[in-house]
Amino acid sequence: MRGAFYIAIALLIVRSRTATGNAKSDVSRPYVVATGGESTKATPKRYLRGGLALSATNEERMDATVLSKDAKALATEGEDWLRLSLGPVGHSQTPQLKRKFDSLSAIDESSPSKKLATPDRAFTRRFRAEDPQLPKYSKIHQTFLNIPHMPHKISLTEAVLMYRMVNWKNGSSPTKQKSAEALLRLVERTSADDLERALGPTSVRLASQKKIRDEYFKNLTTMYARVHAFCHANPAECTNESTHSPLERKMKAPPDIVLFPLFNR
């Protein structure tokens, strides 16, 4: 009896596999599961999904992943990219997926000396001695320190920013939005120590952060207005010698010709 039982089980397994092989379908097409059919009548039954009698073949069909054409293309590109990453490539055509990935990776590799930095770190860095323009910046700083009626003693960072702004080709006027945005970026990136130096320790301790930065922005606006007026009155002191600089153009402009009347009335 035991031998006959094992033989029956083996026959059932063989017939189940045969039916599975005959009933293979293209999984790339949407599939509607049927609870029975000529190819599944003799296959083992399992009671699944709310008590419906489903064959083992149909269960495998239901568990199969249905891939769309876009998913197939993406999988193919992924396999190509893995082959390129893990081993030598037999073709010269780079898959689209690898090209996209490499273009993203190459953004930072093109300049390995540049490191990612927070806005604070980028804007509060000090001008080091190896900077070739440091002597020029120091001279400009000393010039701006002599401008009267400044709200506070201008720092090297503030002086360099305003020196660059006053030489802009367009938008260098203190009333322009471009100038206001540049000063606002400086306010947002100024450290607490620099705010205390500019406004004084008492003002910083008693006021809120918003009031502190608003006050600092007001000071910068006043300072730049005076720097702008000074530089346009003395363009030789502030020009960066660029042909686009309004100060340089002002220096090289021909003098105004004064026409005297021929006859006195």
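Just so you know, glycine gets a Cβ as well, placed from its N, Cα and C.
Small disclaimer: the values here were computed from a predicted structure and weren't measured.
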Open item on the list: Quick test of your reading of Swiss-Prot: among 46-61, 126-141, 142-157, 190-205, where does it put motif 'RxLR-dEER'?
Closed with: 46-61
Open item on the list: Among Asn170, Asn219, Asn240, the glycosylation sites in question, whose Cβ has the most other Cβ atoms within 10 Å in this structure?
Closed with: Asn219
Open item on the list: Cα-Cα, whole number of Å: Asn219 (N-linked glycosylation site) versus Asn240 (N-linked glycosylation site)?
Closed with: 25
